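Noted in Swiss-Prot for the protein shown:
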type	residues	note
DOMAIN	24-244	domain 'Protein kinase'
MOD_RES	Ser25	phosphoserine
BINDING	Val30, Gln31, Gln32, Gly33, Ala34, Glu35, Ala36, Arg37, Val38, Lys51	ATP binding site
MOTIF	69-86	motif 'Nuclear localization signal'
ACT_SITE	Asp153	active site, proton acceptor
Amino acid sequence: MAGTSSEAEAEALAAARERSRLFLSGLELVQQGAEARVFRGRFQGRAAVVKHRFPKSYRHPELEARLGRRRTVQEARALLRCRRAGIAAPVVFFVDYASNCLYMEEIEDSVTVRDYIQSTMETEKDPQCLLDLARRMGQVLAGMHDQDLIHGDLTTSNMLLRRPLAQLHIVLIDFGLSFVSGLPEDKGVDLYVLEKAFLSTHPHTETAFEAFLKSYGASSKKSSPVLKKLDEVRLRGRKRSMVG
């Protein structure tokens, strides 16, 4: 009986994965990464983005299945955690555990904060014009960290702006590396990752990032130890650079 049950479960899983494969084949592939593919299309009549964590041939199948499922669940929970706290993030439509697919709301007609900053700097050529955006970023990320949610990959490409852009309505995306932690060290590292990405992607914007940190400090109930840890992480980073 046990063998028959296992065979039936395996057949059901294979059938579910085949249905998912056929559905994805009808969508538009918009991004191919090392860990996942991102598709755009319609899901139950709604504009959707589907993130598919595809299996890696170099990993043991059982380990791969557990890792893919865990990361898919973590990302879905992170999005829900944000939304419950009033932080804008895509709506989760459906989680396909058989194929490790996450079906989410597409933020239509949005632009990345990265593209917005680059366009604004090309037009205005003055980082002062970014201060309001930087302050808004500080408020949003302070709220996220106050929920003990660590993004894990903070860049300006992982933040979207809804239109009208002047309202600075930021939507956080791509929580694939997220996790829950109340440790100031983890939050400090999160900010350090953003700082490195921000200043390397957007040269001559140091004043804007300073405005971001001031806003973060004023908006977060737990900012003091986090910003102290950020300074420590910076120092460690400089020491590693000097050592080579």
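Using the three backbone atoms N, Cα and C, a Cβ is placed for every residue, glycine included.
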Can you tell me whether DSSP puts Val38 (ATP binding site) in helix, strand or coil? strand
Determine how many residues of the motif 'Nuclear localization signal' (69-86) DSSP places in helix, in strand and in coil. 16 helix, 0 strand, 2 coil
Residue numbers, six or more beyond the limits of the motif 'Nuclear localization signal' (69-86), whose CB comes under 8 Å of its CB atoms: 35, 51, 53, 92, 95, 97, 100-102, 104, 143-144, 146-147, 149, 151, 172, 175-176, 178-180
Residues sitting within 8 A of the centre of the Val30, Gln31, Gln32, Gly33, Ala34, Glu35, Ala36, Arg37, Val38, Lys51 CB atoms (ATP site), not counting those, run His52
With neighbours defined as other CB atoms within 10 A, the best-packed of the binding-site residues Val30, Val38 is Val38
Please give me the CB contact count at 10 A for Ala36 (ATP binding site), counting all chains in the structure. 21
Rounded Cα distance in angstrom between Ala36 (ATP binding site) and Ser25 (phosphoserine) is 15
Mean of pLDDT values spanning the domain 'Protein kinase' (24-244): 93
Helix, strand or coil at Gln32 (ATP binding site) [DSSP, three-state]: strand
With DSSP assignments reduced to helix, strand and coil, which class does the residue listed as 'phosphoserine' get? helix
Counting across all protein chains, other CB atoms within 10 angstroms of the CB of Asp153 (active site, proton acceptor) number 16
Let me check the 10 A CB neighbour count of Ala34 (ATP binding site). How many other CB atoms are there? 5
